[in-house]
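Trainee: For reference, the structure I am asking about is given below.
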Amino acid sequence: SFSSDEVIRKRLLIDGDGAGDDRRINLLVKSFIKWCNSGSQEEGYSQYQRMLSTLSQCEFSMGKTLLVYDMNLREMENYEKIYKDIENSIAAAHEKISECKKQILQAKRIRKNRQEYDALAKVIQHHPDRHETLKQLEALGKELQNLSHIKENVEDKLELRRKQFHVLLSTIHELQQTLENDEKLSEAEESQETQMEAEAK
């Protein structure tokens, strides 16, 4: 982004001796002086029509500038809203990632507990009470199955959050690219308008 001094310097380089509104105002002043010094009524009427035409051009340019200014204000408000939404989305994504990390730690603890249950099951198998041992093994099998489902759900959620975060980063990158393209397009349009006004005069 340019500083205010750089913008003014660039504007002066583009306008030269005054190809924009300043030139129109200078022409209006010259036409007014000629109108005041006109010798005949026909010449005065011609200068009068030129002044009206120059005034119309100035009014049109001023109205166009105001419209562009209002549009830029609305665009800035819209971009600010988009930035806030993106910041909120990023914050929500960080919270989800933090939650997923907690779930992963929980899954690791569950896995450690499952390994301990397996070791305990091996010890129980050496006991003479077969019926009770079978009951305990059945209960442990169900617990292991439940823990396995929990682990799968946690891994699925983590993968989903990774994909969502990747989409979010891609959206931010596309938005930044769009903003850069808009700035380039705006500069090109200003340059083209300045050139067309210069050619028209």
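Every residue, even glycine, has its Cβ placed from backbone N, Cα and C.
Below are the features listed in TrEMBL for this protein:
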COILED    76-103  coiled coil
REGION    181-201  region 'Disordered'
Trainee: Residues of the same chain, at least six outside the coiled coil (76-103), with any C-beta under 8 angstroms of its C-beta?
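Mentor: Tertiary neighbours of the coiled coil (76-103) are 154, 157-158, 161, 164-165, 168, 171-172, 175, 179.
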Trainee: Across the coiled coil (76-103), what is the average pLDDT of the model, as a whole number?
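Mentor: Averaging the confidence scores along the coiled coil (76-103) gives 91.
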